[in-house]
Amino acid sequence: MEVEEGRARVKVEGVFYNPRMRFCRDLDMLVFATMDSKEYFDALSASGIRGIRAALEAGKKAVFNDVSPKAVKVIEENLRENGVSGEVINGDAAAVMRQRAFEHIDIDPFGSPAPFMDSACFSAKRYLSVTATDTAALCGSATNSGLKKYGAFAVKTDVYHEVGLRMLIGFVVREATKYEKALFPLISWVREHYYRVHFKIKKSTAMSAKVYEKMGYLAYCSTCLRKKVLGMGEGAERCECGGKFSLIGPIWLGELKQRDFAEKVAEKAEGKLRAFLEKILAEIDAPTAYSLPALAKIHSLTLPPTDVVVEELKKLGYEASRTHYCGFCVKTDADRDVVVKILRSRKII
C-alpha cells in the first residue's frame with residue numbers, strides 16, 4: 001500500500017502510519033521550514049514519512065531511526081523511491097540519543113513521549129519537537145497515569161486541554177533543566193487526540209533555573225470552576241464559594257508560542273492550515289480559561305455568543321480571547337466572577 005502526502009509518496013504496508021496525523025505533518029513542514037536548523041532526527045520513524053517530507057519540503061538533512069528491522073527496510077525503500085538520501089539507524093531511540101547529539105530531535109510516539117524525554121533532552125542541541133497522544137494522562141482523566149508518567153497531578157477541569165498541553169510542556173521543560181538546558185515553546189497546539197509542541201533550546205545554567213519562574217500550579221474549584229494561578233511554593237485556601245481547591249501541577253504557566261515565530265509559520269500557510277494558525281495567533285497566553293457552557297449550566301444561564309463575552313471582557317480592561325481548541329471557551333486574566341457577571345448581564349438573541 002502506498003500513500004501520497006505533501007511531496008512524498010511512501011509505502012506503509014507492515015509499518016505504522018496514521019492518516020489522521022496528516023494535518024499535523026502538514027503543519028510541521030511549515031514549522032520545520034521556519035526553523036534555521038539543517039539536521040533533523042526522526043527518532044521513531046516507522047514509514048519515514050515525516051523525515052522524508054522534512055527533506056523534500058523543508059530542506060533538512062534527515063536522520064531516521066526505528067527499532068523494527070522491517071521498518072528500517074521500508075524506510076530505505078521509501079528513501080530510494082523519493083530520491084532522498086539519509087542515514088537510517090536500526091536501534092532503540094533512547095539508546096541512540098544517548099550515544100550522539102542531534103541538532104533537532106522529533107519524538108512522535110504512539111502514546112506517551114515520557115520514556116524518551118530524558119534521552120531526548122540530553123541529546124537535542126537546538127530544537128525539540130514532541131507529540132503526546134495519551135491525553136487522558138495529561139488532562140486529568142487518568143490522574144494516576146499523569147503522576148507516574150509526567151510527575152504532575154491533574155483533575156479533569158472544564159478546559160482540560162489547556163491543562164493537558166501545559167502539563168506536557170512543564171514536564172519536558174523540567175526534564176531539560178537536568179542538563180542545564182532552557183526550553184521555550186515556539187509553537188504548540190491541541191487537535192483531535194493529540195498535543196504537539198515545538199521547543200527552542202538554550203544551553204544555559206542561569207536560564208535553565210529561570211524557567212521555573214514560568215512554572216507553577218493551577219488551583220481549581222470543581223464546584224464553581226474558579227481558577228487561581230500559583231507560583232512554585234505558593235498555597236491555596238478554600239475557594240470563595242466554599243468549595244475545596246484541587247492543586248493541579250506543576251504545569252507550565254508561560255507562553256504557549258513565540259509570536260514572531262508563529263507569525264512566520266502562518267505566512268507560509270494557506271487554507272485550513274492558515275485558519276488554524278490564525279486561531280493560535282489570536283489566543284492570549286493566560287493559563288486561565290473557562291468553558292462558557294459549563295459556567296452557564298452552573299448558574300442556569302442562557303449562553304451568549306463567545307465573541308460577545310470576549311469583547312465585553314476587553315471593554316472592562318481584561319485580556320481575553322477565544323481558544324484554538326474549543327469554540328465555546330474563553331481565555332482571560334479576569335476572575336471567573338467577572339465572566340459570570342457578563343453572562344448574567346447579556347440578553348441573548
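The backbone N, Cα and C atoms fix where each Cβ goes, and this holds for glycine too.
Per Swiss-Prot, the features are:
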type	residues	note
BINDING	R25, R50, D66, D92, A93	S-adenosyl-L-methionine binding site
DOMAIN	1-343	domain 'Trm1 methyltransferase'
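Structure with Swiss-Prot features highlighted.
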{"residue": "R25", "record": "S-adenosyl-L-methionine binding site", "Cβ neighbours (10 Å)": "18"}
{"residue": "R50", "record": "S-adenosyl-L-methionine binding site", "Cβ neighbours (10 Å)": "27"}
{"residue": "D66", "record": "S-adenosyl-L-methionine binding site", "Cβ neighbours (10 Å)": "26"}
{"residue": "D92", "record": "S-adenosyl-L-methionine binding site", "Cβ neighbours (10 Å)": "15"}
{"residue": "A93", "record": "S-adenosyl-L-methionine binding site", "Cβ neighbours (10 Å)": "24"}
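Across the annotated binding residues for S-adenosyl-L-methionine (R25, R50, D66, D92, A93), the two most widely spaced Cα atoms sit 23 Å apart. Under the DSSP three-state reduction, A93 (S-adenosyl-L-methionine binding site) is assigned to helix.
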